[in-house]
Amino acid sequence: ALEPISVGLAIGVASALTGYLSHPSFYCSYVECCPSAGHRLNATALKAQLDAKLFGQHLAKDVVLKAVTGFSNNPSPKKPLTLSLHGWAGTGKNFLSQILAEQVHRAGLRSKFVHLFLATLHFPHHDQLKLYKEQLQNWIRGNVSACPHSVFIFDEMDKMHPGLIDAIKPFLDYYEQIDGVSYRKAIFIFLSNAGGDLINKAALDFWASGKLREEIQLKDLEPMLSVGVFNNKNSGLWHSSLIDRNLIDYFIPFLPLEHKHVKMCVRAEMTARGYAVDEKIVQAVADEMTFFPKEQKIYSDKGCKTVQAKLDIYEDA
């Protein structure tokens with residue numbers, strides 16, 4: 001028979017061990033946990049990532065850094081942070097959303113608290129709009145209930161059926177709670193090619209007037225951008241109540257990339273692959289890209305989107 005003191009000691013050790021293993025600091029080092037209520041985003045790390053990986057987008061970097069840092073530092077935001085990123089393909093919209101997701105949740109797009117929706121994949125059929133709205137509302141409600149700091153990314157907004165995104169309007173509004181759930185700590189990001197033509201024209205006008213690209217300010221583009229996508233039937237935000245009720249905090253323009261920015265992308269890709277940067281190859285890849293306008297050839301018409309594929313040709317070199 002076990003001595004009473006031995007049994008007591010065993011129970012005490014087991015209880016202590018169970019308490020240690022279940023402590024959040026230990027448990028969350030092995031299993032992904034939702035950030036605590038006092039979680040603050042590391043603004044220095046976010047800035048470093050944006051500086052190192054996002055090229056030619058001074059506006060997007062500045063606005064996102066300030067908006068996300070301010071939102072994270074606010075212990076009681078009045079509504080979720082909602083960002084709408086606009087510009088042609090290859091200018092860095094997806095890249096920025098991935099960087100931001102990684103700063104909020106370490107696993108980034110692999111995190112169970114980060115949710116990526118692709119219009120053509122998740123909402124392909126127009127005749128099922130009602131079902132999509134219900135599914136979208138249930139998904140957001142369930143996941144924010146599980147983690148208030150959830151991140152929702154909607155890609156291909158320009159391919160989304162008109163009216164669908166309005167289903168999430170209650171979650172973006174200035175409500176303290178909806179059915180006992182607060183959405184105020186969540187982040188919503190929309191990615192769209194819509195408005196790209198407007199942004200490109202504005203950038204070209206600045207160039208033609210002899211102004212530096214870095215002189216373009218948010219106030220030069222945001223009003224035009226919000227009106228443009230509101231009236232664009234192919235924007236996903238056509239006549240949307242999200243714009244009508246001013247629930248999108250920032251419309252962020254992504255400028256067309258110049259030759260020097262494409263070369264930055266090539267260098268970054270070579271470094272990521274573990275290669276020494278060879279300027280001859282950098283130049284060769286950049287020279288294979290196509291630029292517009294036809295006469296001046298200032299901006300890459302695909303941004304940096306095809307850099308990886310074009311660099312593959314030089315793999316042996």
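Cβ atoms are placed via backbone N, Cα and C, with glycine included.
All annotation found in TrEMBL is predicted automatically rather than curated by experts.
Residues or ranges marked as ATP binding site in TrEMBL: G87, W88, A89, G90, T91, G92, K93, N94. Look at TrEMBL and you will find 257-314 tagged as domain 'Torsin-1A C-terminal'.
Of all the binding-site residues given, namely G87, G90, G92, the one with the smallest number of surrounding CB atoms inside 10 A is G90.
Within the same chain, residues at least 6 positions away in sequence whose Cβ sits under 8 Å from that of T91 (ATP binding site) are G56, Q57, F254, L255, P256, L257, G303, C304. Here the domain 'Torsin-1A C-terminal' (257-314) has, by DSSP, the following mix of helix, strand and coil residues: 30 helix, 5 strand, 23 coil.
In sequence order, F95, N193, F254, G303, K305 are the residues of the same chain, not among G87, W88, A89, G90, T91, G92, K93, N94, whose CB sits within 8 A of the CB centroid for the ATP site.
Sequence-distant neighbours of W88 (ATP binding site): residues of the same chain at least 6 apart with a C-beta under 8 Å from its C-beta are N193, G196, I199, N200, F254, P256, D301, K302, G303. Taking the Cβ of N94 (ATP binding site) as reference, residues of its chain lying under 8 Å away and at least six apart in sequence are, in sequence order, D155, L191. Of all Cβ atoms in the protein chains displayed, 15 besides its own lie within 10 Å of the Cβ of A89 (ATP binding site).
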